[in-house]
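Undergrad: Please read through the structure below; I'll follow up with questions.
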Amino acid sequence: MSDIPKPNESATEAKQEARHTLDRRWLVGLVIKPVIFLICGTMLFAGLGLMQRLGLISSGASGSGTASASSGATAEYICPMMCTPPQSQPGRCPVCAMELVVASSGGSKGDSQSVEIAPAARRIANIQTAEASFQTASRTIRAVGQLQYDEASLKTISAYVAGRLDRLYADFTGVVVKKGEPLALVYSPELYSAQVEFLLAKRSVAQASPQTLESIVSANRNLYENARQQLIELGMTDAQIDELEARGKADSRLHLYSPMSGTVIQKLAVEGQYVKASDRIYQLADLSKVWLMLELFPEDAANICYGQKVEAEVQSLPGKKFSGRVAFVDPNVDERTRTIGVRVALPNQEGLLKIGDLATAYLQIAIAPGAEKRLYDPELASRWMSPRYPNEIFDQPGTCPLSGMELVPASHYGFTDVPQGESQVVSIPRSAVLMTGKNSVAYVEAEPGRFELRRVVAGHQSGDQVVIHEGIEPGEKVAVRGNFLIDSQMQLAGNPSLINPDKYLPSTESGPSAEVLAALSELSPEDQSLATSQQICPVTEMPLGSMGTPPKAEVNGRKIFLCCEGCRGSLMEEPEKYLSVLDNLDQESESFSSPGLPPIGPIQELSIVPDLPPNAIAVPVSSENESSTPSMAVPMIRQPMEVVR
C-alpha cells in the first residue's frame, strides 16, 4: 500500500485558490466597479457645478453669447423664467438661480419687433395661420327664455250676483272653450227679484194710455230703463233680457257665457258652491299667441328695437322654428341679475308652443362701429304697425283693431323701406387673439416664417370668429395655433409680447411728455441743462422727470440726477457701475434721438425686489394709455432697479 502514489494535495489547493480568486474578481466587477464609477461621476458633476457657481466656467449658451459679444455685437442675457430684466453679463439669475441665456438664442431670429421661426421649429411647434377676411357687419345674439301667457289675453270669469253654482259646464282645467259657450249655471234669488221688477216696469210702460200724464209715462219709462240696466249689471246679456221680455216670466237661474275663445287655465269653484258677487270662478287665456321672456345683457339689449324679428326653437320640438317679433324692451336693469328683460310675441295658432317650455331665441344685430341701428325687413317695408301689438301689420294707416291706437309707420322704429348695402368688418379666428386685462394682441406673419406683434381692438364674437376694428387688415395671415409659443420666443428675445406689448414701440410724441417737462421745469436753469443732457436715471434707466422733480446727487465730483430718492442708496453703494451706464450712453452715436432707442416716454415695467427695507417708498407706475391700465403703487427700494427693455 505504501507503494501507491498519493494525490497531489498542493495542486488541489492551488486550484481552489484560483477559483476563490476568480470569485473575488467577479464580485469586484459586478458590484464595486459601478459604485466607484457612480462616486466619480457624482464628484465630477459636483465639481462642474461648483466651478459654474464660482464663475470659473459657463454653459454653452453663455459661451456662444460671449462669442457673439466678442464679435462686436452687444449681447443681453435673460432668465428663461423672466424673473429679472435683461443683464449685460452672463451668470445665474439672482431670483431662481437658473443659467442666464443670450436673448437671441433659441433658434429664432428677427428684429426688435418680430421673431423668425425656422420651418423645422414651426413644424414641431405646430404653428398654424389663418387669413383675416371680411364678414357681414352683424352678429347673432343667442338667448334662452321661457314661454309664458300673453297677459293681454287673460280674462277672469267672476260671479256677478250672489248665488249657488248649480252647474259647471267647463268642469276641468285645460278645457278649450269658444266665445259664447255656456260656462256655468247660477241660481240666484236676487236675480229673480230683479227680473220681476223689470217685468213690472215693462208692464207699466205698456199699460200707459193717452190720458196718462206725461210725467207718469216718463217715470215709468225711466223705471224700465233702470231695471234693464240692473239686469245687465247682474250678468244678463242683451239677448237674455230680450228672451225674458218675450217669455214674460222671471227665472231664478242664469247661464254664464264665455266672453272669449281660449283655454281654462284655472278652475276656482266647484258645483254646488255658494258664491258672492265678485268671487272668481274661472280664468281663461288665449293661447293662440304667447310671450317668450328673454334676459339680455345691457350691451346686447341696447341694439334691440321694437318689432325686430326673432327666430325661436323650443326644446320639445327640436328643428322646428317659430317666428315672432320684439314687443317690449324693459327700460330698467335687473339689480340682481344685471340683465334687461325682452319680451317676444310669438303666434301659436297651431297650439304647438306650451307654456313653461324653454326656448332658444336668435336675434340679428349690427356690429359695425358707428353703424346706424337701422334694419331692413321686407315684411315691414313701407308698412304700418300697431304700437302695442308688433305682429299686427297693415298696408295702410288706420286704427289697430285690438288696442284702438293709431298705427305707426315701421320706419318710426328704425326699419328702412329699401334694402341697404351690407357693411363689412374684418374678422379673424377667436384663437388668434391673446388677451390679458385690457390688452389684446395677435401675431401676424408679415413674411414667411417671420411673426410680428400687433395690438388689436377686438369687438364682438360671432361663432368662432371675432371682429377686429383696428390692428389687422384683410388678407393678412395671423397665427391661430402655437401663438403662445411665438409669444414666449418674443419674451426670450426681449421684444414686445403679450405681457408688455408697448415695449420698444415708437412714441407718438415728438419729444418729452408734458409731465416730464413740468417736472424738469422745477429745476434751476443750470440743472435743467444737465438733466436734459443726462436724460435717464442711471439706476432704473427711466426718463428723468417721469416720477416728479429729479433729485440730484454728487459722485466723485460729478453731478448725477436720479428719477427718485429711492435710487440714491444704490448709486452710492455702486457708483462705478452706474456711472459707466451714463458713460456708455454718452459714447453711443445714436443717443436718445436714434430710432433704435426708445424716446422719453411713459414708464414701462419695473422689477420688484420682495425684501423691502424699512426706508422703502412707493412710486406710482402708469401706463402709456392711462385709460386702459389703472395706476398702481409698487415698492421702490434702495437697490438697483432696471426698466425691462
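Note: Cβ is positioned from N, Cα and C throughout, glycine not excepted.
All TrEMBL annotations are machine predictions without curation.
TrEMBL feature annotations, pasted as is:
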type	residues	note
DOMAIN	156-286	domain 'CzcB-like barrel-sandwich hybrid'
DOMAIN	289-363	domain 'CusB-like beta-barrel'
DOMAIN	384-410	domain 'Heavy metal binding'
DOMAIN	426-486	domain 'CzcB-like C-terminal circularly permuted SH3-like'
TRANSMEM	26-51	transmembrane segment
Undergrad: Quick one: DSSP breakdown of the domain 'CusB-like beta-barrel' (289-363) into helix, strand and coil?
TA: 4 helix, 37 strand, 34 coil
Undergrad: Please list, for the domain 'Heavy metal binding' (384-410), how many residues fall into helix, strand and coil according to DSSP.
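TA: Summed over the domain 'Heavy metal binding' (384-410), the classes give 1 helix, 8 strand, 18 coil.
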Undergrad: Over the domain 'CzcB-like C-terminal circularly permuted SH3-like' (426-486), what does the predicted model average in pLDDT?
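TA: Mean pLDDT, the domain 'CzcB-like C-terminal circularly permuted SH3-like' (426-486): 89.
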